[in-house]
Protein chains: 2
Amino acid sequence: MLEGYKGKALEILSSIGADIGDRIVIIKPSISIEGILMPSYSLSNDIIVIKMDNGYNIGISVKDSKVALKEKKKVKTEKLNEGEIGKSEIKIISTGGTIVSSIEYDTGAVRPALTTEEIIRFMPEIKEIGKIDAEVLFSILSENMTPEHWIAIANAIGKAFKDENIGVVVAHGTDTMSYTAAALAFSLKLPGPVVLVGSQRSSDRPSSDAAINLYSSVLLAKVGKFGEVVVNMHGESSDSYTLVHRGVKVRKMHTSRRDAFQSINDRPLAKVIWKDKKVEMLRSDYIPKKELNVDAKFDNRVFLLKYYPGLDDSFLDFLVNSKKVRGIIVEGTGLGHTSTQLVDIFRKATRDGIFVGMASQCIMGRVNMNVYTTGRLLQEAGIVPLEDMLPEVALVKLMWVLAHEQDIERIKTKMLENMVGEINPRHEIDFFPRWYHGD
Amino acid sequence: MLEGYKGKALEILSSIGADIGDRIVIIKPSISIEGILMPSYSLSNDIIVIKMDNGYNIGISVKDSKVALKEKKKVKTEKLNEGEIGKSEIKIISTGGTIVSSIEYDTGAVRPALTTEEIIRFMPEIKEIGKIDAEVLFSILSENMTPEHWIAIANAIGKAFKDENIGVVVAHGTDTMSYTAAALAFSLKLPGPVVLVGSQRSSDRPSSDAAINLYSSVLLAKVGKFGEVVVNMHGESSDSYTLVHRGVKVRKMHTSRRDAFQSINDRPLAKVIWKDKKVEMLRSDYIPKKELNVDAKFDNRVFLLKYYPGLDDSFLDFLVNSKKVRGIIVEGTGLGHTSTQLVDIFRKATRDGIFVGMASQCIMGRVNMNVYTTGRLLQEAGIVPLEDMLPEVALVKLMWVLAHEQDIERIKTKMLENMVGEINPRHEIDFFPRWYHGD
């Protein structure tokens, strides 16, 4: 299947019998470019996309070009040894993202192809941890995740534990990984670890974090003593350890660094030192293993409103009067404020039964709406201060709560109940990171 | 004037001849509470607000109460010495916020009352720096700032330089200080420093940062070699130094810490070591002093859309079809993404002449929409990647650009032009702060 191709490009590729994954060459008057045929993302009918040997994808116009097939895709498989076959201990559920494409690229596979064999060929040391079993649930970039995907992942995790796996690894794109982690955390009671893992750099780059992140996640899924949803990613810019973050207290804080994921208003749960095959717990207050329960329902009639000076009230008016929202998370300024001009609209919203909760765009710290007049006025209008919850986590929690409760007082109670550690009642001074100030 | 009072409370206070700032006592059957009468923020007709001697405000119902006047407000003034009178060198423009209320509280003044004498009484060491002149432009909490206020501040700064001051200090609430700093930075060419300063803790608390922040800002306004808009706030949790951040590269990163303001994707410009009366430059690439130019216009027909999984398209549809927006800043995930489902709506928006720019909700790092398919599709739909600009700064810049340009190509060019250092072409590894991981 020539995924994504149409028009002239499709015609040429079909005529030479090329498939995605085959090695082709495109010959132009002045240059010829060789590489692996990739699915097309282009809107144009004339573009062929190939992955060059340097790892980069390039789109090339077929105009004035001759296209030839060099080599059919090799289907390589790694034969498993006898001891590796049989009931798995660790389930790897793959949903897509750079980590999956890393494995695909390294193993020569193209698109959804994360078999157990491929994972073991990619990182043979994984075999030593325990018996793994890989499943491709879907293969999407994480910016395309929706609450429906969260439900499918939650169910797949439930099934994996019912099949007597002791831990589950979810391979996921990094863009929305923390949203998914929060959604799973609110939905699952767990008999073992659920480890979300991704990769910030694909494996065609020497600095790829795919192998270490995957290895340490499988290890953590095997030996982790906790029954909660965590994110396991590079802990610092070198390869020394990965950090295990509580799924409701983690955020992607950098667009490209390998250590982009950091615990916010919280300490990481553990470190995995992959070279020593060691999980070092940093806290003892993890959620213990419990009997499995899957309860994944989300109501996405919500909105995340980030306040800024000059915000036109009419947007908020539309939102409140649209009958399309049952809840709003306001990402306010400072301790949890917006312009007092919005107080009346918020009062109307809460009187109409819309839940309005306040988090802070500062990201770090806790909202406190008792210090300044504005906070008190907003509270009088019915806005609920959401402690130190991350705005994104508050939003996901609200989607979950709205799918489970109808009564506004019950919704408020649930939003302020510390379900899985999303509220940290006590902040320590070193939660705030240290910026370098040239000393 | 009994600001904010109405009904029963107003009646009682009038009958005893009390004014805001007077010392009163409220006697209840079981308790009597004494304090300074404050303006009311309550929606109730029965509440009197007093500041108690411990510095906290309390609202007390007049029901079953007797209210008596204890002492009229003292109007204290500090006589200035002869050498301190005459043409000022440093202008302090006060707009409100905790730093102003700190001074008011300490000096016994209540609301807009930031005279030169009061500032000197609050922090006598300021006299030694140079001749200061204070002006109350307005007195609002910064969450109530609007683009109209930005214009008033820009004009007041322009006037101060025309009056031959060599530097200007703007006392401002911390909630939206970075938005105002960006707005001023895009609006002003400056013959000297403009220093925005606030306070995270009011002066009735022993940990107040008001005095040090104000002192070091006045010093910086006097000796700063640059002609740009900066934010000067506590640099770390102790009192050793303040940090001088470029106004377009700073963000409030904590709801309550004194060192909440940090440079993002950038290094601070300078440190002020107030005890040594020393400004230590950390960089030499500051904007040099220029001839004054004030060009403050903003078009707030913009929207800041923070993307999240499950976002209902209909809100974006409303936005695009409302004819109320000329520009949208998308706070996308990761390197600058949204769900590909939104591509068509964004394409419609840009075809309708709406500018759509992409920043990242990661906050740190740079967007790069060439790495993944989604980024390329969004670019094909006309979305402009905005490098490493902070989402909030990109929004303020867009308001400024839209007020100056009509043609969409000119708007795009301006948005990508590095006007005042809002784009940092080169990131250093230590821009990313270090989280403590329990080592």
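Keep in mind that glycine also has a Cβ here, set from the backbone N, Cα and C atoms.
Per TrEMBL, the features are as follows:
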ACT_SITE  B:T98  active site
ACT_SITE  B:T174  active site
ACT_SITE  B:D175  active site
ACT_SITE  B:K252  active site
DOMAIN    B:19-68  domain 'GatD N-terminal'
DOMAIN    B:90-283  domain 'L-asparaginase N-terminal'
DOMAIN    B:301-414  domain 'Asparaginase/glutaminase C-terminal'
- Message: In the three-state scheme derived from DSSP, which category covers B:T98 (active site)?
- Response: helix
- Note on the structure: Cβ neighbour count (10 Å, all chains) around B:T174 (active site) is 28
- Three-state secondary structure of B:K252 (active site) from DSSP? strand
- Query: In the domain 'Asparaginase/glutaminase C-terminal' (B:301-414), how many residues does DSSP put in helix, strand and coil?
  - Reply: 48 helix, 22 strand, 44 coil
- By DSSP assignment, list the helix, strand and coil residue numbers for the domain 'GatD N-terminal' (B:19-68), in that order. 0 helix, 24 strand, 26 coil
